[in-house]
Amino acid sequence: MLEVNLFGIKFKNPLILASGVVDMTPELLRRAHREGAGGVVTKSIGMEPRKGYENPTIVELPYGLINAMGLPNPGWEAFLEEFRKEKFDFPVIVSIFGGTPEEFAFLAEKLGEVADAFELNLSCPHAKGYGMEIGQKPENVYEVVKAVKDVTDKPVIAKLTPNVSDIRELGLAAEKAGADGVSAINTVKAIAIDIYAKRPILSNKFGGYSGPGVKPIALRAVYDLASSLDIPVIGIGGITTWQDAVEFLLAGASALQIGTAVYLRGFSVFREIAEGISRYLKEEGYSSVKEIIGLALKV
């Protein structure tokens, strides 16, 4: 009932662990799957090891988180050494980031043996020179996606920033370059200030906002992208309940990524949401989750 097929890859359900603030060891990826995730996305991997920013890197708010982790990762060589020893019985999407199209392509070439698909982090809002600074311009999105598609036969997903006037332009550029899908949204630019210290709370000052507060923004982005593109859209942003998940599916998302809810509530959210979607489908008379994808686009 919940199984979906994306880019020729089978997922037991449309719920995928998002790349983000949860540490991504192989054992934690397995735990996410045991707790109900249909697939996983790794931490974003770059050319060199990065320790990330000094604490504090996360601010908890009533309706989500602001984070500025600084893209901490072991670098591609250490990541490859660790993950090539592992065998996973579920889809593993490897997230990569770089400062140029050539760096993205290099990483895709090197990490192909441990990836079922690649997600291109074109949208991190707080790491200077990476992510959003590249991904805000459609021409840059096109160049990065094309460079990666030229060197790998693995499916390529472009992760898009919401910090633009029209996210559809980014999606269309990714599609034109040959992307197999897009994921949206990454976090929204944000800041939190300590009123007694009279300074920003995060060590980096600025961060990315995620969680329930961004859901309506994310839902609109998914709706717009699904209305405009012929490739699958993976919905991300504030999905916390099964009702949230159903909204994204109706808006045209072919699959969903969940991150902040895992940080706040634990891996059990995957099973809770999957069970809720199943109940909804039965109550509404559907035999497959595929039957409800995009229904709200037809109104």
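Placement of Cβ uses the backbone N, Cα and C atoms for every residue, glycine included.
Here Swiss-Prot flags SER19, LYS43, SER44, ASN121, LYS159, ILE185, GLY211, GLY237, GLY238, GLY259, THR260 as FMN binding site. If you look up Swiss-Prot, you'll see LYS43, ASN67, ALA68, MET69, GLY70, LEU71, ASN121, ASN186, THR187 marked as substrate binding site. Annotation comment: Swiss-Prot describes CYS124 as active site, nucleophile.
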Rounded Cα separation (Å) that holds between LYS159 (FMN binding site) and THR187 (substrate binding site): 11
Give the number of CB atoms, excluding that of THR187 (substrate binding site) itself, located within 10 Å of its CB. 32
What is the biggest Cα to Cα gap, in Å, among SER19, LYS43, SER44, ASN121, LYS159, ILE185, GLY211, GLY237, GLY238, GLY259, THR260, the residues listed as binding FMN? 20
Counting every protein chain shown, other Cβ atoms within 10 Å of the Cβ of GLY238 (FMN binding site) number 27
Give me the count of other Cβ atoms within 10 A of the Cβ belonging to THR260 (FMN binding site). 28
Show which residues of the chain containing SER19 (FMN binding site), separated from it by at least 6 in sequence, have their CB under 8 Å from its CB. VAL41, THR42, LYS43, SER44, SER95, GLU119, ASN121, LYS159, GLN257, GLY259
State the three-class DSSP label for LYS43 (substrate binding site), counting H, G and I as helix, E and B as strand, and everything else as coil. coil
Just how spread out is the substrate site if you go by the largest Cα to Cα distance in Å among LYS43, ASN67, ALA68, MET69, GLY70, LEU71, ASN121, ASN186, THR187? 16
